[in-house]
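Student: Below: one structure in structure tokens.
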Amino acid sequence: MNIMDFNVKKLAADAGTFLSRAVQFTEEKLGQAEKTELDAHLENLLSKAECTKIWTEKIMKQTEVLLQPNPNARIEEFVYEKLDRKAPSRINNPELLGQYMIDAGTEFGPGTAYGNALIKCGETQKRIGTADRELIQTSALNFLTPLRNFIEGDYKTIAKERKLLQNKRLDLDAAKTRLKKAKAAETRASIWAEEVTKSEQELRITQSEFDRQAEITRLLLEGISSTHAHHLRCLNDFVEAQMTYYAQCYQYMLDLQKQLGSFPSIYHCNNNQTSVAPTPSASSNVIGSSTLTSTSGLVITSPSNLTDLKECSGSRKARVLYDYDAANSTELSLLADEVITVFSVVGMDSDWLMGERGNQKGRVPITYLELLN
């Protein structure tokens, strides 16, 4: 029974305090009551904290959009995070594109120019996808997590103490108002003397609580400068992660461009239509000093001893300079950088040699080869 009485009394006291604050707040808004103003330094700290919170939220949300443009995926990741479970790993867009390219290139044939180019592009896209995944992970750990911790941790504490400071200020101003009314009534009736004494004591208590809460709030708010310094370090980490990502992508694409640039300037069909071989210059019988310029701007110097090979009956090893698609069953398809055996056949066109790779044999264009010592 005593516990029930205590709970009822506490509930009544809390209700009275809430009502008193509500009345004070309303009278302040209507201009019917005075309001204790915070000192300028504390007001500036409060403004700085609010500004930090607003812009941190905006930067954090837009960074999330940048790293994961798919809103459904972001929602799914948020749900898994709240459930404290790991989100399932999914293939990203560059990786998916890369896999499609590799599958298509395999279907068309790695020995064809288009098929080989698709495979090379697909492998590069998958490497970019891996780099993209690393960027997201690094940025989430070093940039987004600290920002989120501030919003969900430090700023929530500041907001809680700020709300408490607001309540203490309302209590203080309500006590001031009661004391003012009691003193005004005291001049008319001595019975109010006790009420004045009570109001003065209440004012001293509320003033002390307000000052204490203002100091607590001020100390918390002064930590915002440290938060800015921490977020600056996180921002540097984010920029470094982006720099690494874009440098990797640039290098991947540069390497891919070089690979595609090594392809012959004239591509051949993937079917059995007539293929056009590179047309040698009038001095093709003396290739040693001549140079061949492709449409991609690459200049390749052909070795002089290929002509010598035409005049002997021996065989030599040769490195393939470009991919080549066989136009018919008498020719041999080639892949750039592979090494094959070549030899001359009496009566064969001067622009061609016979190539051999394992059990496969066929004609190969001489301008696609570099004879090895």
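Using the three backbone atoms N, Cα and C, a Cβ is placed for every residue, glycine included.
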Student: For the feature coiled coil as recorded in TrEMBL, pick the matching range from 74-101, 158-185, 298-325.
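Tutor: Among 74-101, 158-185, 298-325, the range TrEMBL annotates as coiled coil is 158-185.
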Student: Are there residues at least six beyond either end of the coiled coil (158-185) with Cβ under 8 Å to its Cβ atoms? List them, or say none.
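Tutor: Result: 17, 20-21, 23-25, 27-28, 33-36, 38, 46, 49, 192, 195-196, 198-200, 202-203, 205-207, 209-210, 213-214, 216-217, 220-221.
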Student: Across the whole of the domain 'SH3' (313-373), what does the mean pLDDT come to? Round it, please.
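Tutor: Its mean pLDDT is 87.
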